[in-house]
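Before any comments, here is the structure.
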């Protein structure tokens, strides 16, 4: 979803890997790109799904609005209120964590509990699609992840925070989000390491099995040839 999918940060080895300061800087750049806005078109029975990599315990907010194509004006116009949008979100274990019907314009929110790839799917309620007779529906979607999902103007008004207090709170939440992203990167590296070790082990056992098969075939051929020569009284 995001314009920048992420910065891969690995462990520390002198001369080969980035220092802590540079890694933190790259993570800040990555966090800055966590908000992603786009638009897409869907047909009457079509479902659009997007994959977003999200750390655990991270809030995600999605805002969307729909438009119908006006053939007379030859342009997209805001959709009628009767045209709804169904939003479904699944976690990396394929469990549904959000499934709800919204209006033609709305906002959905969820919090991740498992790190990894989350699937966000949207499709319209087909019973209302007769309103535009098989045309295309344009959906504008804006997704904010983590600290970017917070409305700090609302937080400042609600908690009566000064500008300095609000800034400190923003910095604290940014640091917390960076820690979550670092933990997520370590989790991904651990999974990759486990997958690599499992693959290497399978390759090793397959090589051993191939060797045993070749040895067994060689022994069988030797015994078969010996029996053949004995039957022909050549030995």
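Going from the start of the chain as shown, residues are counted 1 onward.
Every residue gets a Cβ built from N, Cα and C, even glycine.
Feature annotation from Swiss-Prot across 160, 226 places N6-acetyllysine at 160. Ranges compared are 154-184, 185-215, and Swiss-Prot records coiled coil for 154-184. Away from its own ends, the transmembrane segment (203-222) comes close to no residue of its chain (no Cβ-Cβ distance under 8 Å at least six residues beyond either end).
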